[in-house]
Amino acid sequence: MAYNQANKHKIQKNKKNIFPPETTKIMEPSKQEAPKLMGTSPNISNDSSASEKGEATNQPNSRYALTVDEVIEQHIGALGFAQIVHVLLVSIAWVFDAQTTLVSIFSDAQPAARILATGAIVEGAALCGLSRGEWEWNGSRSDTIVSEWNLICQHKFLVAVPSTLFFIGSLFGSGVYGYLADSWFGRKKTLLLSCVLTFVTAFAISFSPNVWVYAFLRFANGFFRSGIGSCCIVLATEIVGKKWRGQVGQYGFFFFTLGFLSLPLMAYLERKSWRNLYRIISFLPLGYAVCLLPFAYESPRWLLVKGRNKEAMVILKKLARRNGKQLPADLSLVDPIPERNDQTSSSEKFWKTKWAVKRIILVMMAGFGSGFVYYGIQLNAENLNFNLYLTVAVNALMEFPAVFIGSFLLGVMNRRPLFSNSSYLAGVACLLCAVLSLHRVIRAVSIAKWLQLAVEAVGFMASSTAYDVMYVYSVELFPTNVRNTAVSLLRQAFMLGASAAPLLVALGRESAMMSFIVFGVASVLSGVVSIWLRETRNAPLYETLAQQGKAEEIENKTVLIT
């Protein structure tokens, strides 16, 4: 009898050696492992503070350890009242991001002029060759920078310089803010800094004495405002469950749309002074930074990655309490970085990780085309044969269906085909606009102008959807310790594409067809590039590069086995 028991024990021991834990998980993917009471280890927060902080237990040698994702899904709720209020608070800042980005549509517009001898209303190109005493602007000299500094004829391309420098400033600023948000400042403080400096530079712009000072300050404004968008989307998505990440990311763009839609109204009311327009939009981010942002939370994921486990747990407890729930007293958080003695920064590790570098290159290539088209279509509104205020208002209104349709589709569709198909639709619409802009088509088809406006609006809606989806997609493609860096690099790609758009818009004043063709081709190519990106729908948000790399490697092996 003793011999049989010994043999049975030996067989069971051999089975454990044959099937290690990793293999067992691969063979039974549907079987979820229950949370365990775990002994104190370097991977678990082991602070001995009071239990109300969520760190201590009554049994010092065992803890109930979960990741942030598991705490949110199992104890706080994927999307409750506390998260909705937080998302609302951080998403409001998108309003100022839209206003500072797109204000140049009105401040840098080319107004009509009047020939004094005949009273005829003409565009800027017809003024070349005429002396300054033969014509006057059809309005006050302070309407736009074009009328104030006479940026026409041989100086017409100077109009594109401030907008181009604005986006170049955003390009550089995105990298700086991404580093600050992932390393020293965190998401919330970086957003605060960006809002305050946006106020300072926007207000300073209103006192520009000439186009060169104006261009420099637009560069500075683009640099300092570039932290708003990336911090907003990361702050919003890092505290909700995986089911709601896509929709929450879209809510931010709803506020971007509100900011965009507010511009035609403000610009119309201040149509006699571009300087007053800048002064109005400058004070809004300051008011937000002082009155609303203090009530938002820092990202508990970022706090955990930085080793500030107690602070992360305090925020999670507040979220649970405001959702009408309570975290277990013996709960602790799994530390995602076991080796905290490693002095290598997250950004250094990022560029040394092969899969992450390959992925960010693809993301940036797709982002370049998407940003080029998204901002290009908006700035190109002046090349349509319609009232500028009406065209911009129509484009802004098309952002609403883009946000709601995108939000719905993110809940039912995979990210990759949603982005690529939206890019293809935007590209086709731009190519149709090119055809409808031909003079012989306009003469032959009586409603060609209205068709062009309708097709342009559909194209803008599709490009807006692609732009918004790529933001959400990039959040899910990278782990917490480099997520803000990755989103900022995507934003750099957006801004690099956007910086080229004003030059093409200036060319469009001579040939609207050519500008629409280039926008159409760029949009289609950005959709093609996304084919090589990994699908992320319903995937967990990882905390470190090593953790995500290992998990994706196991997932790839599982796919090969099945």
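Keep in mind that glycine also has a Cβ here, set from the backbone N, Cα and C atoms.
Automatic prediction, not curation, is the source of TrEMBL annotations.
Sequence annotations record features per position, and here TrEMBL assigns compositional bias 'Basic residues' to 7-16. Annotated compositional bias 'Polar residues' per TrEMBL: 40-49, in sequence order. The feature domain 'Major facilitator superfamily (MFS) profile' is assigned by TrEMBL to 112-538. Look at TrEMBL and you will find 1-59 tagged as region 'Disordered'. Under the heading transmembrane segment, TrEMBL lists 76-96, 157-179, 191-217, 248-268, 360-377, 389-412, 424-442, 454-474, 486-507, 513-533.
Spatially, the transmembrane segment (157-179) is adjacent to the transmembrane segment (191-217); three or more Cβ-Cβ distances between them are under 8 Å for residues at least 6 apart in sequence. The recorded stretches the transmembrane segment (454-474) and the transmembrane segment (360-377) share 3+ CB pairs below 8 A when only pairs 6 or more apart in sequence are counted, and are therefore in contact.
Between the transmembrane segment (76-96) and the stretches 248-268, 360-377, 389-412, 486-507, 513-533, Cβ pairs under 8 Å are most numerous for 248-268. The transmembrane segment (513-533) and the transmembrane segment (360-377) are in contact, since at least 3 Cβ pairs between them lie under 8 Å (pairs 6 or more apart in sequence). Residues belonging to the domain 'Major facilitator superfamily (MFS) profile' (112-538) score a mean pLDDT of 87 in the model.
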